[in-house]
Amino acid sequence: MSQMSITSQVIYDLVGLGFGPSNVAIAGALVDKWASPNSDAKSRSFQNVLFIEKHTSFQWHPGMLIPGAQMQISFLKDLATLRSPQSPITFLNYLHSQNRLASFINRGSTTPSRKEYADYLGWAARYVQDHGVKVNYGQEVIAIDEDADGLIGITSKDVTTNEIYTYKTRNLVISPGGSPRIPLTIAPLMNEPSVINDSTVLHSSAYLTSVDRLFQSLTRSSSSRRPFKIAVVGGGQSAAEVSLNLRERLSSIAFEGSVGHQVDMIIGRGSLKPSDDTPFSNEVFDPMTTDTWFGSSQHNRDRMITEYKPTNYSVVNPRTINAVRHVSPSLIYDQKVDDAIAARTLEDKTSGTSPARINIRANMRIVSLKYDDKNSTDSSSSPTTKSSSAFTLTLQNTHTPHTLHASAYDAIICATGYQRTGWIDMFKRSKRLGKHFGIGAEGAARVKLVPLDKRQRVDVDTLFDETAISSDVSSTASSSLYSVSGSDNSAASGVSGASTPLTSPSEEEGKSDVNLYISRRYRLLPVSTSSYEKTKTRDDDASEGVKMKARIYVQGVEEMTHGLSDTLLSVIGPRAGEVVEDLFAEE
């Protein structure tokens, strides 16, 4: 059966890939500009705006909307307040529209719950749609390219019907979000049918939407009522929240034996580290810090990444650490008290329920994984008893590397962060578009975002000729994306880098790197026509040498060029304002 293809006859002024918070903020800035009494003819004519979203409705981290989870930032760092406090899509306006403003004030806290913030984002998404912004949900973008007229063509596929849609736009904004990063030792299991059916291996991004199915698979045929043991890989905020929620769920399941249910947090460092959210450190997330970061040398940007990494990476909010260590009840300390009492009284618990244990497996690195599918269950067949755990992890203590530990688990949850690399593959697969940026189908070992300031914007061609790069330019316009350090298992041990290369060095080893230049206002800067002509081959169409007309922007992937706040919500409002202003700026 052939796929149906539908081509839009509209030439859009702007198409956005994705409709998460970043692009909702862009849409909000456009709606505000349209409504402004100072809007000019150009902004009033800039009305054909479309966003394409893979999910069938607006969603924001549905897998991590764990009951009781709190945001880590002030409600004032919303979609618009730092850009324009008068905007209709501020968090305060949301509260007022829901008749909860006074109640929120009475809470005495500036951080909303994650559940409430997700509802706010959905409210804002509906608002911009009601005010002229079109959103096509349920379509996954599969290709982008430039056409003969210099417009950007977008190809998407309906996630339900597989119908193919094509669109054309004068401007493009790419806000890809993050895709789950899975340790290489665990990744092969993500395609195992029995694992998929039972949700016994998950990324934390899918935790809440899959955990019920996981527990159904664990308890479906456990006639022996043996205790369960679940591994949580990672040492950051998500890992701690997932571990606490697993403990709560396991504590209500009866078991038989002297040892109850357990949750093992497998972390690469010696302990859970608290996030640095002190006022002075938080200044690194201020909008004006973006200017400092962008204008700094490569050396200084690397130094700032190292200095401020404890504000966001592989760290846990102190309140959550206290929950793991001291409260609900005293968890780890209370477990030690229980052990001492049991040993003194010779108590041997043989059945019933009791609080599940959380164990911190510190300084651990995952060496290998064995999966025994005979101990898994298939929901499509007759239930069978799980006599033992399905997964065996071989762990190596980094302090005693010659000693290996084999631990059996019933399920594995990977709270190992995200990667933001998929969007660059569309440039590499394109026939024309990628070549404007020096990216061809054959690719390079790495594609690296590099800041290019107007003060340094001599002919862009000279920046692609290493012999012509002056020492002043090369100190700022140089390799920029921070690689994850360590082995392939660095993510498995809960150690995340500040960002990942746009393409993996191991994928195309031995080839030269490509610098992908970006402006202060998040616009990708193409190689000029003369340099582009040098890359043409006999197979290229004659139209490919045309100077690029469209503008392309990226959001949420420029951490090393624009600062640590770029993948977070902290500057989402001001950034949207800057992108929209640049859209209307004259060349």
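Note: Cβ is positioned from N, Cα and C throughout, glycine not excepted.
GLU53 (FAD binding site) carries a strand DSSP state (E or B). As annotated by Swiss-Prot, FAD binding site applies to GLU53, LYS54, HIS55, THR56, SER57, PHE58, GLN59, TRP60, HIS61, GLN72, THR567, LEU568, LEU569, with the evidence given as similarity to another entry.
Feature annotation from Swiss-Prot assigns substrate binding site to LYS77, ASN282, GLU283, VAL284, PHE285, ASN312, SER570; the stated evidence is similarity to another entry. Within the same chain, residues at least 6 positions away in sequence whose Cβ sits under 8 Å from that of ASN282 (substrate binding site) are THR311.
The NADP(+) binding site annotation in Swiss-Prot covers GLY235, GLY236, GLN237, SER238, ASN312, TYR313, SER314 and rests on similarity to another entry. A sphere of 10 angstroms centred on the C-beta of GLY236 (NADP(+) binding site) encloses 25 other C-beta atoms.
Under the heading region 'Disordered', Swiss-Prot lists 488-511.
If you look up Swiss-Prot, you'll see 491-505 marked as compositional bias 'Polar residues'.
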Next item on the list: Have a look at the binding-site residues (HIS55, HIS61, LYS77) and report the one with the fewest Cβ neighbours inside 10 Å.
Entry: HIS55
Note to self: Tell me the Cα distance separating THR567 (FAD binding site) from SER314 (NADP(+) binding site), rounded to the nearest angstrom.
What the structure shows: 15
Next item on the list: Please work out which residue of GLU53, GLU283 has the most C-beta neighbours within 10 angstroms of its C-beta, and give that one of the binding-site residues.
Entry: GLU53
Checklist line | Assigned element (helix, strand, coil) containing GLY235 (NADP(+) binding site), judged by DSSP | finding: coil
Note to self: Measuring Cα to Cα across LYS77, ASN282, GLU283, VAL284, PHE285, ASN312, SER570, which the record gives as the substrate binders, how far apart are the two most distant ones in Å?
What the structure shows: 16
Check: Counting distance between Cα atoms, which of the binding-site residues GLY235, SER238, TYR313, LEU569 is nearest LYS77 (substrate binding site)?
Finding: LEU569
Next item on the list: Using the recorded substrate site (LYS77, ASN282, GLU283, VAL284, PHE285, ASN312, SER570) as reference, state which further residues of the same chain have their Cβ within 8 Å of the centre of those residues' Cβ atoms, listed in sequence order.
Entry: ILE73, SER281, ASP286, THR289, THR311, LEU564, SER565, LEU568
Notebook entry, point to check: In sequence order, which same-chain residues at least six apart have a C-beta under 8 angstroms from SER57 (FAD binding site)?
Noted result: TYR137
